[in-house]
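Here's what Swiss-Prot has on this protein:
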- 1-8: topological domain 'Cytoplasmic' (TOPO_DOM)
- 9-29: transmembrane segment (TRANSMEM)
- 30-67: topological domain 'Extracellular' (TOPO_DOM)
- 37-44: disulfide bond (DISULFID)
- 60: active site (ACT_SITE)
- 63, 125: heme o binding site (BINDING)
- 68-88: transmembrane segment (TRANSMEM)
- 89-93: topological domain 'Cytoplasmic' (TOPO_DOM)
- 94-114: transmembrane segment (TRANSMEM)
- 115-125: topological domain 'Extracellular' (TOPO_DOM)
- 126-146: transmembrane segment (TRANSMEM)
- 147-161: topological domain 'Cytoplasmic' (TOPO_DOM)
- 162-182: transmembrane segment (TRANSMEM)
- 183-215: topological domain 'Extracellular' (TOPO_DOM)
- 214, 276: heme b binding site (BINDING)
- 216-236: transmembrane segment (TRANSMEM)
- 237-244: topological domain 'Cytoplasmic' (TOPO_DOM)
- 245-265: transmembrane segment (TRANSMEM)
- 266-270: topological domain 'Extracellular' (TOPO_DOM)
- 271-291: transmembrane segment (TRANSMEM)
- 292-302: topological domain 'Cytoplasmic' (TOPO_DOM)
């Protein structure tokens, strides 16, 4: 027998596990554990469970295990949602995207282990995983909105905010790519002091340019989200969905900037780096939700 409450718990579980997949990937990169299992995949150093287990191997194995569990739980969520609430227009496309990108994410990760891809390709891995996470996150939000306690179904987003939000999505995604590139090119401590080394502003090598590009994109992201937030609060003050959503996004980008700065100041403290990955994960999830609302608005115009 289908119960909405069970589906809600399943959605929350899937979202939490997908969050740990994101954090696990960041942990693997930050600790240099990419080669913890050698060039073996899905085995680890040629065995299901190798005898020698240094910390890098444990981290890589744990990430693979959580990724495998996430696939099972997401499939469970997708099948249950498709069967019971598939009449909701977004459920089936989101189901396909969540599973599809989860598989692509796994294949890119496997290719990185087996063939040692260059950092510019590896940087795509985090962005792909964020799309999968966001699909699961959106499904969970839709499941919770079934009881009609929210105003999202009757929300109409006008063109100015739609344009600002679409541009925000593009800018944030580019910033995410440059951030992943910083990790994969080992450029976290390049380009000197934060926000810029005033005594030596011009980047000198590829690592400096990667870090410089990410800081520049992060600055643009912060300014653009602030502009979008001000517009949303000013013009949609009577709508809780917009007010809370864009406020949450602005808070998340502030936290993202703070943890980014602290990462440089503390020489990439691991806990701060993981919070940096966590905040951008949920910021992207919020932007994905705004896109969902905008698509509903566009559909209502036809």
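Glycine too: its Cβ is placed from the backbone N, Cα and C atoms.
In the three-state DSSP classification, residue 37 (disulfide bond) falls within coil. Against the transmembrane segment (94-114), stretch 68-88 has more CB pairs under 8 A than any other of 68-88, 162-182, 216-236, 271-291.
Rounded to a whole value, the Cα-Cα separation of residue 44 (disulfide bond) and residue 214 (heme b binding site) is 33 Å. Neighbour list (residue 125 (heme o binding site), Cβ cut-off 8 Å, at least 6 residues apart, same chain): 25, 105, 108, 109, 112, 180. Within 10 Å of the Cα of residue 37 (disulfide bond), the following recorded positions from the list 60, 63, 214, 276 place their own Cα: 60. Straight-line distance linking the Cα atoms of residue 63 (heme o binding site) and residue 276 (heme b binding site), rounded to a whole number, equals 18 Å. In the topological domain 'Extracellular' (30-67), helix, strand and coil residues by DSSP number 14 helix, 2 strand, 22 coil. Just so you know, the Cβ of residue 37 (disulfide bond) picks up 23 other Cβ atoms within 10 Å once every protein chain is counted. For residue 44 (disulfide bond), the Cβ neighbour count at a 10 Å cut-off comes to 20, with all displayed protein chains included. The helix, strand and coil residue counts that DSSP assigns across the topological domain 'Cytoplasmic' (89-93) are 3 helix, 0 strand, 2 coil. Cα spacing between residue 276 (heme b binding site) and residue 60 (active site): 20 Å, rounded to the nearest whole number. Residue 214 (heme b binding site): 25 other CB atoms within 10 A of its CB, across all protein chains. Geometry remark: residue 214 (heme b binding site) versus the residue listed as 'active site', CA distance 26 Å. Under DSSP, residues within the topological domain 'Cytoplasmic' (237-244) fall into helix, strand and coil as 5 helix, 0 strand, 3 coil. Tertiary proximity for the topological domain 'Extracellular' (30-67) is limited to same-chain residues at least six positions away from its ends with a CB under 8 Å from its CB atoms, namely 17, 20-21, 24, 105-106, 109-110, 112-114, 116, 183, 268, 270, 273-274.
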